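Colleague: Copied straight from TrEMBL:
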type: COMPBIAS; residues: 478-563; note: compositional bias 'Gly residues'
type: DOMAIN; residues: 88-244; note: domain 'Glycosyltransferase RgtA/B/C/D-like'
type: DOMAIN; residues: 571-663; note: domain 'Putative mannosyltransferase YkcA/B-like C-terminal'
type: REGION; residues: 475-563; note: region 'Disordered'
type: TRANSMEM; residues: 34-52; note: transmembrane segment
type: TRANSMEM; residues: 98-129; note: transmembrane segment
type: TRANSMEM; residues: 135-155; note: transmembrane segment
type: TRANSMEM; residues: 186-219; note: transmembrane segment
type: TRANSMEM; residues: 231-251; note: transmembrane segment
type: TRANSMEM; residues: 311-332; note: transmembrane segment
type: TRANSMEM; residues: 339-356; note: transmembrane segment
type: TRANSMEM; residues: 362-382; note: transmembrane segment
type: TRANSMEM; residues: 389-408; note: transmembrane segment
type: TRANSMEM; residues: 414-432; note: transmembrane segment
type: TRANSMEM; residues: 439-459; note: transmembrane segment
Amino acid sequence: MTALATPPPAPAATPVADPSSAARLRRWTGWNTGLVVLGILTTALTTWGIWSGSQSDYYASIALSMSKSWSNFFFGAFDPAGTVTLDKIPGSFWVPALFVKLFGFSTFTIIVPNAVAAVVSALLVAFAAKRLAGPTAGLIAGAIVATTPILIAVSRSNQPETFFVLGLALTAWAAVRAFTGMRFGWLMITGLFIALSFQMYMIEAWAVWPALAAAWLCTKQPWARKIWQTVVAGITSAVVSVAWIVIVALIPASSRPYIGSTIHNNPWEMVFGYNALGRFGSSTSDQAAYNSFTPPFSGDPGVLRLFNSELAGQVAWLIPAALLGVVVLAVLRWRPPMTVFVGAWLVTFLGMFSAVAGMHQFYTAALAVPMALAVGVAFGIARTRGMRWPQIALVATAAATALIVGVISGGYTIVVALVQCVIAAGGIVLIVRGSRVRAIQTLTAVLAATGMLLTPAVWSATTIANPSSINPVAGGVSDMGGGRGGQGGPGGQGGPGGQGGSFGQGGQGGPGATGGGSAPQGMPGGGPGSTAGGNGGGSAPQGLPGTGTAAGGPGGGRTGGLGTSLDSTTLAYLKQHQGSAKYLVAVFGAQTAAGIILQTDGGSVLPIGGFSGSDPVPTLAGFQKLVADGDVRYVLASGTGGGMGGSSSQGTSAQIRAWVTKNCTAVTDAGVSGLYECTPADAS
């Protein structure tokens with residue numbers, strides 16, 4: 001029997017890589033590398049040097065006061081004793097207050113939460129755009145958020161705007177999940193994130209709802225289903241939004257702080273009057289209070305307001321490109337519901353910021369999210385489809401806008417804008433030529449992104465060297481210049497009030513008291529109005545009050561947060577003689593109180609008149625009772641006279657000041673003039 005030879009085994013087949021797998025790996029690597037770079041860039045822009053930055057004393061004192069008790073934490077008490085709240089829902093201050101409670105008070109602990117919020121916002125928007133149009137869209141969108149100058153400026157301060165931007169980024173991320181998966185649950189989550197944003201910046205958050213509702217009604221579902229889902233999500237969002245207001249309104253006034261910036265101690269009035277109707281020029285008492293301290297930082301309302309000299313360099317760089325992006329998405333017929341959502345959101349916010357009666361520049365930081373989605377997604381979709389004209393149009397529009405804003409802004413901006421235009425031209429050349437080489441494609445995307453973002457990125461970076469928390473702006477621009485002052489407060493001891501001066505110059509002080517007394521702490525140059533007699537001069541726009549003579553000498557200024565600090569001799573005197581009094585000292589206005597609260601690490605200071613100086617807290621009768629009960633012993637009657645604009649000569653603060661100067665005893669050995677000692681006998 002012949003044995004058959006066993007054939008040798010065939011050589012093992014060489015595995016062939018799956019082209020699609022390799023492409024996915026390259027995309028994954030590129031995306032993650034880009035995401036890391038984006039995170040590092042945003043972190044550097046928002047955190048570098050904040051440990052030595054400036055703070056708003058008013059908002060810093062709120063974080064410190066809220067950290068003192070859970071009651072203060074919930075209500076958003078301005079002062080440690082829980083006398084009056086800040087002028088907003090306290091959502092944006094809950095995280096900073098927790099940081100203070102955990103790590104102690106410092107400039108770093110109250111600013112770093114805002115910086116982290118900005119970093120997370122950029123990453124969330126990047127993830128949202130990537131889900132819609134791929135990695136390139138995601139990275140460009142995230143980079144737009146990371147280089148929006150006004151957002152970087154405000155994230156380096158302790159102003160509350162950054163947490164609102166984070167809420168909007170969460171809203172965008174959840175909305176993308178809702179529309180891409182057609183999931184009602186994600187629509188509900190989107191509505192809840194709008195409600196969360198409401199806790200940060202109140203009614204402004206609801207401006208997202210028209211876009212969200214219109215977009216959901218454009219989805220391919222039965223009309224009955226779309227309508228009931230929109231209604232249920234909207235009602236749920238509204239109910240959760242006003243939960244804090246309802247709870248506070250149901251608590252007896254005697255068991256909570258006075259609601260700041262209201263006439264009737266009502267949270268509904270604070271949210272929907274002072275912070276809503278009052279800001280759009282409604283002829284209400286709330287609008288009068290709002291106008292009393294809000295200078296025209298952002299120019300007059302109008303169609304081109306966002307392109308004026310105060311706002312163009314802060315936020316306008318990509319507005320034309322974003323509007324063009326919406327047009328591109330509509331022309332390409334890309335996901336109509338998402339196009340409606342992004343477009344309506346963008347247009348609504350543009351209209352809102354163009355129409356609001358008075359606002360700070362940093363309010364416009366909220367535009368970063370819809371602008372980023374519009375530009376990033378439009379560019380990414382065009383790139384994915386191999387369509388060159390939308391990419392060219394977006395890059396060219398952004399570069400041209402940078403050049404125009406550069407001309408408006410002047411200085412170094414023109415040079416940087418010209419460099420941006422050259423880079424944009426290089427990117428456009430590569431887009432026109434096209435290439436299948438991976439490295440060339442990456443270079444094209446990098447040049448295109450740089451051609452859209454270089455100048456705003458430089459403006460963002462220069463903010464590191466120009467920190468401010470009073471009215472944060474980017475690009476090295478003066479943060480308080482160009483506005484107008486509020487009405488000056490009373491001068492000296494009993495002298496009439498001075499005339500409000502321009503922003504950047506203190507108001508003209510009153511003639512002051514006779515008899516050689518001094519009128520300390522005139523409002524500084526750059527403050528919104530002067531107070532005690534003396535010109536409120538000062539070299540720094542946010543200088544602290546200085547001391548002038550009764551006849552009206554110049555007040556010295558120094559960099560700070562508009563608060564008042566006491567001389568060490570005065571502070572020691574007050575602590576030594578406080579006794580059983582609840583308050584270390586009573587002062588007029590929140591700005592005066594803020595500096596003392598910080599100086600004493602949370603000492604109990606009574607801020608007569610609240611934030612605006614016009615709140616009826618306490619009333620004259622209420623103040624007299626505090627004196628009669630021994631809760632108030634010392635009153636500094638020569639403070640700044642109000643939160644930002646000074647108190648009215650007819651208001652409660654003026655009545656209390658007049659009563660104090662008439663009935664209480666002037667203290668002459670405490671190192672400061674204008675200090676009075678009030679005893680229970682004085683109130684009898």
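Any Cβ shown, glycine's included, is placed from N, Cα and C.
Distances, neighbours, how buried they are, the whole picture for these features please.
Modeller: For the domain 'Putative mannosyltransferase YkcA/B-like C-terminal' (571-663), the predicted model reports an average pLDDT of 88.
Counting residues 6+ beyond its ends, the transmembrane segment (98-129) has Cβ neighbours under 8 Å at 35, 38-39, 42-43, 46-47, 50-55, 59-60, 63-64, 66-67, 137-146, 151-152, 154-159, 162-163, 165-166, 168-170, 172-173, 175-176, 368-369, 372-373, 376-377, 380, 469, 598, 601-602 in the same chain.
Nonlocal intrachain contacts for the transmembrane segment (311-332), taken as residues 6+ away from its ends with a CB within less than 8 angstroms of a stretch CB, comprise 144, 148-150, 153, 298-299, 305, 338-339, 342-343, 346-347, 350, 361-362, 364-365, 367-368, 370-371, 374-375, 377-379, 381-382, 385, 387, 390, 393-394, 397-398, 400-402, 405, 408-409, 413, 452-453, 455-456, 459, 473-475, 477.
Tertiary neighbourhood of the transmembrane segment (339-356): same-chain residues 175, 179, 204, 207-208, 210-212, 214-215, 218, 279-280, 301-303, 305-306, 319, 322-323, 325-326, 329-330, 363-364, 366-367, 370-371, 373-374, 377, selected by CB-CB distance under 8 Å and a gap of 6+ residues from either end.
Among residues of the same chain six or more beyond the transmembrane segment (362-382), those with a C-beta under 8 A of the stretch's C-beta atoms are 121, 125, 128-129, 132-134, 136-142, 144-145, 148, 150-151, 153-154, 157, 159, 161-162, 164-165, 168-169, 171-172, 201, 204, 298, 306, 311, 314-315, 318-319, 321-326, 328-329, 332, 334, 338, 342-343, 345-346, 349-350, 353, 356, 388-391, 394, 398, 448, 452, 471-473.
Within its own chain, the transmembrane segment (389-408) is flanked in space by residues 307, 309, 312-313, 316-321, 324-325, 328, 332, 375, 378-379, 381-383, 414, 416-418, 420-421, 424-425, 427-428, 431-432, 448, 451-456, which lie at least six positions past its ends and keep a Cβ under 8 Å from the stretch.
Same-chain residues lying 6+ beyond the ends of the transmembrane segment (414-432) with a Cβ under 8 Å from its Cβ atoms: 388, 391-392, 395-396, 398-400, 402-403, 405-407, 440, 443-444, 447-448, 450-452, 454-455, 458.
Counting only same-chain residues 6+ beyond the ends of the transmembrane segment (439-459), those with a CB under 8 A from a CB of the stretch are 30, 136, 139-140, 143-144, 147-149, 313-314, 317-318, 321, 375, 379, 383, 391, 394-395, 398-399, 402, 405-406, 412-413, 416-417, 419-421, 423-428, 430-431, 474-475.
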Colleague: Counting only residues 6 or more past its boundaries, what in the same chain has a CB within less than 8 Å of a CB in the transmembrane segment (186-219)?
Modeller: 88-92, 160-161, 163-164, 166-168, 170-171, 174-175, 177-179, 226-227, 229-230, 232-234, 236-238, 240-244, 271-272, 275-276, 336-338, 340-345, 348-349, 352, 366
Colleague: Who are the chain neighbours of the transmembrane segment (135-155) in space, where the CB to CB distance is under 8 Å and they lie at least 6 residues beyond its ends?
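Modeller: Answer is 27, 30-31, 34-35, 38, 41-42, 45-46, 114-115, 117-118, 121-123, 125-129, 161-162, 165, 169, 313-315, 317-318, 361-362, 364-365, 367-369, 371-373, 375-377, 379-381, 383, 445, 449, 452-453, 456-457, 459-460, 463, 468, 472-475.
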Colleague: Going by DSSP, how much of the domain 'Putative mannosyltransferase YkcA/B-like C-terminal' (571-663) is helix, how much is strand and how much is coil, in residues?
Modeller: 38 helix, 11 strand, 44 coil
